[in-house]
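Novice: Quick paste of what TrEMBL says about this protein:
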- 12-32: transmembrane segment (TRANSMEM)
- 38-60: transmembrane segment (TRANSMEM)
- 81-103: transmembrane segment (TRANSMEM)
- 123-147: transmembrane segment (TRANSMEM)
- 159-181: transmembrane segment (TRANSMEM)
- 193-212: transmembrane segment (TRANSMEM)
- 243-265: transmembrane segment (TRANSMEM)
- 311-335: transmembrane segment (TRANSMEM)
- 355-378: transmembrane segment (TRANSMEM)
- 398-420: transmembrane segment (TRANSMEM)
- 426-445: transmembrane segment (TRANSMEM)
- 452-469: transmembrane segment (TRANSMEM)
- 476-717: domain 'PABS' (DOMAIN)
- GLU585, ASP616, ALA617: S-methyl-5'-thioadenosine binding site (BINDING)
Amino acid sequence: MRWNPIRSRGEILFGCLFLSGWTSLTYELLWIKQITLLIGGTLYAISAVLCAFMAGLAMGAWGGARILQRFTDKPDRLVRLYGVLEGSIGLYALGFPFLLQLVEVGYPLLLTLSLGSDTLLHFWEFVLTTLLMLPATFMMGATLPVIGRWRIGDRQDRIFIDLSVLYGINTLGAMGGVLYTQFAGTRFLGIEGTLYSAVALNLLVFAVCWLWRGETMPAKDVSAPSRTQSKDAKGEPPPDRKLAWLLLFLFFFSGMVALSSEILWTRVLVFPLGHSLYSFAIILATFLFGIGFGSLVAEKILGTGNWIKKFIAVEIAVGVLGLLAIPALDSLTVWTQELDRLFYDVDATAARTLWMRSLMAFGLMILPTLGFGMIFPLAGHIHFNLFGTVERTLGNSYAVNTVGAIAGTVLTPFLFVPLLGIRGSLFALFGGLLFLAVTAWAWHCGKTLKRFVTGYATAALVLAVVWAASPPNASSHTPGEGNLARIEINTPSGKLKLLDYEEGDFSTLSVVEDTRNGGRTLYVDGFSTATASDSLGGSAYMQAMGLVPMLLHPDPKDALVMCFGTGNTLGTVATFPGVSVDGVEIDRNVLGMAHWFERWNQHVLDKPNVDIHIQDARRFIRWTDRRYDVITLEPMSPVQAGVNNLYSREFYAEARARLKSGGIMMQWLPLHLVTPEDARAILNTFQAEFPHVSVWNSFLTRIVLMVGTERPLKLDKRRFDAVNQNQSLKSLAEDIGLYSFIDFMDFYISGNDALNPTWKKAPVVTDDNRILEHSDAVLVPPLKRETDESFLNLLLARVGKTPPITGVTEREAVFYESQFRLRTAQRLSVFSQRYQGAGHAQFSEKNYESAMRRVQAFLKKSGDRAVRLREGGWSPARP
């Protein structure tokens, strides 16, 4: 095969277009992470950022078409213009963090201008983010019309053929940007490094285009027809003006359906796939792959000619396929359980987890998204007679579809889901698309009554079949029947009762009761957020998160509890007399579930000393002007997407700045949800910001509590006794096993000065270095042995140590210290016997003194190395 220099140059530009899509999605993902640190990660904030980004794309596409009129007959200048746009995007992205810092300085003014109104604040945030991103997003939106004008020229007959390739390549590049950013870029380079890598790609595209020497791709020279020309190059008459506007509206509506369905499918797929960064990346990448590949193969599958009929036929097919996918949601609970079994299998691997999750996303979305991809180039061709020139056709069509996407982004969470639910929204959207497409088909084929009746009857039949197979609003008292409520593996569904279920604007919530013991679990998007029960240890850590810091502070007056959950921690804190409490929760619908947990949360929402704020915890702590004696929080799993923001050093610095003198900060560390490496990173990050750190525990060895203060803490028996004079607080304490001061002492694990040095050698979690989002626990859950290993390495710091206590006599101090050492031995006995560790024979005989000598000898021999648990015993980690 002979080398064709013109074709080779064209392939180089295709590569540039691929990189253009790559960098655009990279910037979008990075900017969402950065902006939500400023304005929060609420539904309103994220919607504002997404709408602002897409608004810039739409304006860029529309404006770019008008700019192109000056470059009509100059192909080299078009390529250079494209390169300048890409280079300018890169340079603007390079300066974006500095602009964000300027915005941060002026953000308090925005709070003032909002006059205390959340609605007004969200409006200002939308305006702010739009202006902040507009220069870059405007140029991003203009790139496709520019490169399309270069490729197509004035040849109407090439619009479908060339646009399908250009749009497909650009969208597949966007898919590559998603996978790179979420799987590799932010993991190995951090946000800043990933940004620099994207800027480098933009500048590479600029250099290639600036040095470009070539012409447009060779093609049949067909002069551009006028708007009034009766037929296009394939002999098909253009649509009349009313039909043309109907088809344009159909294209707008399909853009709305596309983004709406992506949001709704994501809401569904988080159940089997989980709430991790990788899961969201898989969903978005699959969506973009379907669209990109569909556009790329459109000509191969559809051929050319009969553009209007094919456009409408594809729209009808998308509507039908979207509807037929709805009954598959009835099997979601079964799929989720199967994926859970594979995920928690001892032989689970990261590759298998990724493969199974990707297959799930692919199976649900691929056919409709292929259709969405085919629609775009078809629309570009049939709208030529409406807009008159190639550049205006490309720009205006892109803008119209993007405005539809904006509508979907806004209406889906704020209107469709609250009114119709997830199934109902999918049913209404794809049903509406089907009926609208049938209307266009009947109109195009003659506008006879028979055609309309036949089309509507057929569409109604499809809707009726889907409705009968899977009623959109079905629900029951059984999890998984007509709802998306989760059933944990190895739990018989007959023993569970669904008490409440809501598909809210932000998340899907359910409260499930285990009829065997009366325990109740709150699920948020399928994740077990918290379980409350009357059994000892069932919800002890939540009450401990309220009791411990309030007991440690000598006289707390103002407290902040972030992340409401079931309300147990907030209710415990609010029970202390004379305390004013702020509660922060990102999802208002969570509060609607609180009444199911009133037995444990002390009817917290009825307490007059509690003020609830519906806000992102990171944003609240950053911008509040209040100061607190106690701050305590229990976020979602540290490895879930976005939760890194509440475990970073910057967050701890902001929280520390909101503490009064002598204030106390507490946060949970769920060892069962993270790897040992993650646990060390979290604790080391906490230690990096707070001068004095202690680790606490209730009865669940899989959960520990971190306490940070400016000054060393002492456990005050007088304070403990005074609090126990209050019968309500005494009852709460006894519920979690705090009957005496020695029980309170036993909750203490260690101070940071006694921890093994390996805990201080771990990396620090930051807003830039988001270690937790890329944890191995996302793809392979930590084994029980690993959880025990993390806890044991903390517990070993108790050997030979006692907590600092005050308010006791010398004699009492000796007694308490001896009791504390005994309880240390009893705790270690569990792990020694379970893993055949140091002193296990002596522990089994309850010869604690002899057993502890062997433990101390083991620690001396191990030196500064952490302990690893093996089936055959304890062993020091390799240096």
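For all residues, glycine too, the Cβ spot is worked out from N, Cα and C.
Because TrEMBL annotations are produced automatically, they should be read as predictions rather than curated entries.
Quantities reported herein were computed from a predicted structural model and do not represent experimental measurements.
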Novice: Any idea what DSSP makes of ASP616 (S-methyl-5'-thioadenosine binding site), helix, strand or coil?
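Specialist: The three-state answer is coil.
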Novice: Considering only Cβ pairs within less than 8 angstroms, which of the stretches 123-147, 159-181, 243-265, 355-378 has the most against the transmembrane segment (426-445)?
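Specialist: Comparing 123-147, 159-181, 243-265, 355-378 against the transmembrane segment (426-445), the winner is 243-265.
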Novice: Just how spread out is the S-methyl-5'-thioadenosine site if you go by the largest Cα to Cα distance in Å among GLU585, ASP616, ALA617?
Specialist: 7
Novice: May I ask whether the transmembrane segment (193-212) has at least three C-beta pairs under 8 Å with the transmembrane segment (12-32), counting pairs 6 or more apart in sequence?
Specialist: yes
Novice: What number of additional C-beta atoms lies within 10 angstroms of the C-beta atom of ASP616 (S-methyl-5'-thioadenosine binding site)?
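Specialist: Other Cβ atoms within 10 Å of ASP616 (S-methyl-5'-thioadenosine binding site): 26.
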Novice: Tell me which residues of the chain lie with their Cβ under 8 angstroms from that of GLU585 (S-methyl-5'-thioadenosine binding site), as long as they are six or more apart in sequence?
Specialist: CYS563, PHE564, LEU591, ILE612, HIS613, ILE614, GLN615
Novice: I'd like to know the mean pLDDT over the domain 'PABS' (476-717).
Specialist: 92
Novice: Who are the chain neighbours of the transmembrane segment (355-378) in space, where the CB to CB distance is under 8 Å and they lie at least 6 residues beyond its ends?
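Specialist: Tertiary neighbours of the transmembrane segment (355-378) are 159-161, 163-164, 167-168, 171, 251, 254, 258, 261, 265, 268-269, 272-274, 278-279, 282-283, 286-287, 289-296, 298-299, 301-302, 307, 310-311, 314-315, 317-318, 321-322, 325, 328, 335, 339, 342, 397, 401.
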Novice: Across all the protein chains here, work out how many other Cβ atoms are within 10 Å of the Cβ of ALA617 (S-methyl-5'-thioadenosine binding site).
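Specialist: Its Cβ has 24 other Cβ atoms within 10 Å.
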Novice: Which range wins on Cβ pairs under 8 Å with the transmembrane segment (38-60): 81-103, 193-212, 243-265, 398-420, 452-469?
Specialist: 398-420
